[in-house]
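In Swiss-Prot this protein carries:
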type	residues	note
BINDING	10-17, 57-61, 119-122	GTP 1 binding site
BINDING	182-189, 229-233, 294-297	GTP 2 binding site
DOMAIN	4-167	domain 'EngA-type G 1'
DOMAIN	176-351	domain 'EngA-type G 2'
DOMAIN	352-436	domain 'KH-like'
Amino acid sequence: MGKPVVAIVGRPNVGKSTIFNRIAGERISIVEDTPGVTRDRIYSSAEWLNYDFNLIDTGGIDIGDEPFLAQIRHQAEIAMDEADVIIFMVNGRDGVTSADEEVAKILYRTKKPVVLAVNKLDNPEMRSDVYDFYALGFGEPYPISGTHGLGLGDLLDAVAEHFKNLPDTQYDEQVVQFCLIGRPNVGKSSLVNAMLGEDRVIVSNIAGTTRDAVDTMFAYNQRDFVIVDTAGMRKKGKVYETTEKYSVLRALKAIDRSDVVAVVLDGEEGIIEQDKRIAGYAHEAGKAVVIVVNKWDAVEKDERTMKEFEQNIREHFQFLDYAPVLFMSALTKKRIHTLMPSIITASENHAMRVQTNILNDIIMDAVAMNPTPTHNGQRLKIYYATQVAIKPPSFVVFVNDPELMHFSYERFLENRIRDAFGFEGTPIKIFARARK
């Protein structure tokens, strides 16, 4: 199954971002005292008791200029829809407020587990204030202090207990799972429909792990594939259309469960900043990536247009220089046939293992071609290399001093490895370690 998702829900100014940063282990959100302040980044990976999970700060979801109670209602709705476990946060210094009760009423209706966190109880004398919060009806309240980090261990223990009971959707390892991500209206659903409309494709819908996620399984050229969360692509409704970050949240979950990510761009509108952010999620997750330019039928073009558009993509998506770029139209189905072969190639390269002796021949030839760098009179020495992981392919290069491995030389080695083995569509990782 994908990583569990934990959402932090609560009215403004109860300390959601402070707790988010404490659990995530880094200061990702902007923390201010102004109620309702919005944040740019609302998610992070975290770990507790050997569980990896995604943490969501719903306080970062801006619904716009709506009445206060409508905002927290929307916030709780999104958490209910996407989270596996909800941390309901209140301010222990304020006691139970009507706004807390409003959030609680909404959370009662969800079947998701809720853990109640009473924040801002910064010293032991204040802990007695926690008992008032039993009235909210979520069982034991956990006293915490985001400022000092007190009580977080007990809170996370309670959250992790619920991970054991989560449903698990496992597909056979031979089944390639992929998703289509992109901003609204780039044509993700239309692409799926165009793909599944081919005669060679046999389709069946599989219930996913979230309440309304549906994965679509199909056979292509006698192999099984799963398109992750086809329901998410079709999700409509006012709260979701007005909340860009809702679709980001959904895309994160789909990326996490996929082997290959197809990043869909709108050929008619061109590239915008949101496209780069969405593509960045796939790259950060270490997934294989294919870039799809949809609506190519609507673009006025000459013999240079496609090449210029691809150059523009390469300039904006330098971090995805390994990803193939495909041009197609879901409407006319032109070039749709190129998508599945590219996904298959990216998937196979993502899981590729190379022979150690051939790898080392490549590395030593590279060193002979371009000698290793020196720093303060000391030269980097490379002894040998080995592949340590797949999905994505990861390599350890054993050296005399890892500090001497400049990023530009690491990039040079990556390029030589790519020249030798291909690896189109997948990132590869290289780590320098000292030989013991």
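Note that Cβ sites are derived from N, Cα and C of the backbone, with glycine treated the same way.
As the structure is a computational prediction, the values presented were derived from the model and not from experiment.
Overlay of Swiss-Prot annotations on the structure.
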| residue | record | CB count, 10 Å |
| --- | --- | --- |
| G10 | GTP 1 binding site | 27 |
| N13 | GTP 1 binding site | 17 |
| K16 | GTP 1 binding site | 27 |
| T58 | GTP 1 binding site | 26 |
| L121 | GTP 1 binding site | 24 |
| G182 | GTP 2 binding site | 23 |
| N185 | GTP 2 binding site | 12 |
| K188 | GTP 2 binding site | 25 |
| W296 | GTP 2 binding site | 23 |
Query raised in the report: So what's the average pLDDT for the domain 'EngA-type G 2' (176-351)?
Result: 82
Query raised in the report: Taking Cα atoms as reference points, which of the binding-site residues G10, N13, T58 is nearest to W296 (GTP 2 binding site)?
Result: T58
Query raised in the report: Under DSSP, the domain 'KH-like' (352-436) has how many residues in helix, strand and coil?
Result: 32 helix, 24 strand, 29 coil
Requested in this report: Take the C-alpha atoms of L121 (GTP 1 binding site) and N185 (GTP 2 binding site) and report the distance between them in angstrom, rounded.
Outcome: 45
Requested in this report: Measuring Cα to Cα, tell me the gap between N185 (GTP 2 binding site) and K16 (GTP 1 binding site) in whole angstrom.
Outcome: 32
Report task. Give the distance between the Cα atoms of K188 (GTP 2 binding site) and T58 (GTP 1 binding site), rounded to the nearest whole Å. Result -> 25
Requested in this report: Using G182 (GTP 2 binding site) as the reference point, find which of the binding-site residues G10, N13, K16, T58 has the shortest Cα-to-Cα distance to it.
Outcome: T58
